[in-house]
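Novice: Just lifted these from Swiss-Prot, have a look:
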- 3-148: domain 'Globin' (DOMAIN)
- H64, H93: heme b binding site (BINDING)
Amino acid sequence: MVDWTDAERSAIVGLWGKISVDEIGPQALARLLIVSPWTQRHFSTFGNLSTPAAIMGNPAVAKHGKTVMHGLDRAVQNLDDIKNAYTALSVMHSEKLHVDPDNFRLLADCITVCVAAKLGPTVFSADIQEAFQKFLAVVVSALGRQYH
């Protein structure tokens, strides 16, 4: 279990309320696939991923990006028990999909970049970023739990 300060809880929940998951999700997953092209191997059923434009316009990428961000809502709702909230997803990504757990960190970085670009430095201040990155690190750890 993670010990969250009241300020961190407030920052995470407050920021989450400002994030358009249906906008950030597709952007973040597309960014991951463009910036870290080796991650594309996990999305072979998504169709054309041959260029950045193809990735950005790919409806399967957009749909899965939304799914990922809606999945993060589970962590926001379960701040005190993120690891258990993500047990089934961890098992699926480890045992069925064989996703390199470092890819979760890469996607978390892309989510952070997209949120920062959308909300700007006034809303996404350094202290908000610190809490959000701690939150994403806990989610990444929970997703990687079955790998250990």
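Heads up, the Cβ atoms here are built off N, Cα and C, so glycines get one too.
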Novice: Counting by DSSP secondary structure, give me helix, strand and coil numbers for the domain 'Globin' (3-148).
Specialist: 122 helix, 0 strand, 24 coil
Novice: Just to confirm: which same-chain residues, 6+ apart in sequence, have a Cβ under 8 Å from the Cβ of H64 (heme b binding site)?
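Specialist: Residues satisfying the criterion: G25, L29, F43, F46.
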